[in-house]
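Q: Structure incoming, see below.
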Amino acid sequence: MLFSFFLLLTCTQLCLGTNRPDYNDDEEDDYKPPVYKPSPSKYRPVNPCLKKPCKYNGVCKPRGGSYKCFCKGGYYGYNCNLKNACKPNQCKNKSRCVPVGKTFKCVCRNGNFGRLCEKNVCSPNPCKNNGKCSPLGKTGYKCTCSGGYTGPRCEVHACKPNPCKNKGRCFPDGKTGYKCRCVDGYSGPTCQENACKPNPCSNGGTCSADKFGDYSCECRPGYFGPECERYVCAPNPCKNGGICSSDGSGGYRCRCKGGYSGPTCKVNVCKPTPCKNSGRCVNKGSSYNCICKGGYSGPTCGENVCKPNPCQNRGRCYPDNSDDGFKCRCVGGYKGPTCEDKPNPCNTKPCKNGGKCNYNGKIYTCKCAYGWRGRHCTDKAYKPNPCVVSKPCKNRGKCIWNGKAYRCKCAYGYGGRHCTKKSYKKNPCASRPCKNRGKCTDKGNGYVCKCARGYSGRYCSLKSPPSYDDDEY
């Protein structure tokens, strides 16, 4: 054990050396530690950082056979023995520090000044009235004013004293310094102008000026024009001695002399009289009314209410004061305002023995009760009608009685005397033989086409002039 310690001590002295020159920490460090290359040995070399060569808390890192110092706190040099005057940076307000020998110099910016750039041209703020200070160059500044203030330090207010005349209101303007808002009637940069002085309106018109430097004239009744220079009654528009006066709304009215009318008294509506048949003309200003004598009517009494006779069927016409101007006295049973309604012959009950009377407006017919016949149902029927008594036609067949015999007209699908036999005969209308909207009707052994208006022929295929009667075949 003692032998090993001796060998270690000998190796330490050999590797590190004992005659290292001394150095002053305040001087430039030119010392370079030697690089030792010991001969191969079975013993490991000693770490060069064990003697802590790095000053002021520098961190030592071995590098091959030597070491390297990583300095802290503004120190530099191979062994961190030299001091950097700019670390830490003592210059204020983000200014740049420049080392000068063992001391330093501050390069100021943004309006800062002083040894450490600790002062600023905008602190305290030299701008008055809430003006905003901005550094200008190294030692200068610029004030951005607000609220209508101007001047190098915002010490002057643009609206004090008020430059606006005639009760105009002053408002600060960032472009021109101020702006005037004039009351009605005044205009100009300082509200010094009034368009109504002197008054440009003639004939007692009232002038009203606006804030834009323009004016308008309110004219007295009867006067008009941009400056009330014209009069509605000059020259006089009323004819035939009519008197002109203003209507109060920019126009005129004419007071006409007797017998004349119209807007300018040019018309005498009753001369010559427009009323005929001794009717009396009444002047209504620009119009007239005719008062007609009895029996005449119309706007000019030119119509005789009874000529031509409005009463029909030999009725007699009499003038009266009704809305129509006449009244009809009907004869022969006719009725209505103009005797147009014919008498109903059924009112006299011409059908006897329970017969029913039917009137179509032209003639009447009697539908007799069973057992009676004739025009007025006065003749007895000696042979009973089997169509009524026994109803011989079956299956919706139609019974036809001619007074002597009957026959059955069977419905489609049935045949025989009494329509009791089924018939498989094809319906002739199934093929739609009738053209142009014609209506097909089965007639037992054939069919009949009832043509629409304007067509004719068996199949309604022929065009024909319009007729009130439809053709059947």
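Yeah, the Cβs are placed from backbone N, Cα and C, and that goes for glycine too.
Per Swiss-Prot, the feature disulfide bond maps to Cys127-Cys143, Cys164-Cys180, Cys182-Cys191, Cys196-Cys207, Cys219-Cys228, Cys233-Cys244, Cys270-Cys281, Cys346-Cys357, Cys368-Cys377, Cys410-Cys419, Cys429-Cys440, Cys434-Cys449 (among others); the stated evidence is sequence analysis. The domain 'EGF-like 2' feature in Swiss-Prot is assigned to 82-117; the stated evidence is sequence analysis. Sequence annotations record features per position, and here Swiss-Prot assigns domain 'EGF-like 3' to 118-154 based on sequence analysis. Residues or ranges marked as domain 'EGF-like 6' by Swiss-Prot: 229-265. The annotation domain 'EGF-like 7' is assigned in Swiss-Prot to 266-301. Summarising the annotation, Swiss-Prot assigns domain 'EGF-like 9' to 342-378 and lists sequence analysis as the type of evidence.
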Q: Can you tell which of the disulfide-bonded residues Cys228, Cys244, Cys429 lies nearest to Cys164 (disulfide bond) in space, using Cα positions?
A: Cys228
Q: Calculate the distance in Å between the alpha carbons (Cα) of Cys410 (disulfide bond) and Cys270 (disulfide bond), and round it to a whole number.
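A: That comes out at 82 Å between the alpha carbons.
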Q: How do the residues of the domain 'EGF-like 2' (82-117) split into helix, strand and coil according to DSSP?
A: 0 helix, 14 strand, 22 coil
Q: Same-chain Cβ contacts of the domain 'EGF-like 3' (118-154) under 8 Å, 6 or more residues past its ends?
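A: Sequence-remote neighbours of the domain 'EGF-like 3' (118-154) are 92-93, 108, 110-112, 171-173, 177-178.
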Q: If you measure from the C-alpha of Cys357 (disulfide bond), which of the disulfide-bonded residues Cys196, Cys228, Cys233, Cys244, Cys368, Cys449 fall inside 10 Å?
A: Cys368
Q: Quick check: of the disulfide-bonded residues listed here (Cys219, Cys270, Cys377, Cys419, Cys429), which one has the Cα closest to that of Cys244 (disulfide bond)?
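A: Its closest listed neighbour, by Cα, is Cys219.
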Q: Select the most exposed residue of Cys143, Cys233, Cys368, Cys377, Cys434, where exposure means the fewest other Cβ atoms within 10 Å, treating these as the disulfide-bonded residues.
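A: With the disulfide-bonded residues Cys143, Cys233, Cys368, Cys377, Cys434, fewest surrounding Cβ atoms within 10 Å: Cys233.
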Q: Counting other Cβ atoms within 10 Å of each residue's Cβ, which of the disulfide-bonded residues Cys207, Cys281, Cys346 comes out lowest?
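A: Taking Cys207, Cys281, Cys346 as the disulfide-bonded residues, the minimal 10 Å Cβ count falls on Cys346.
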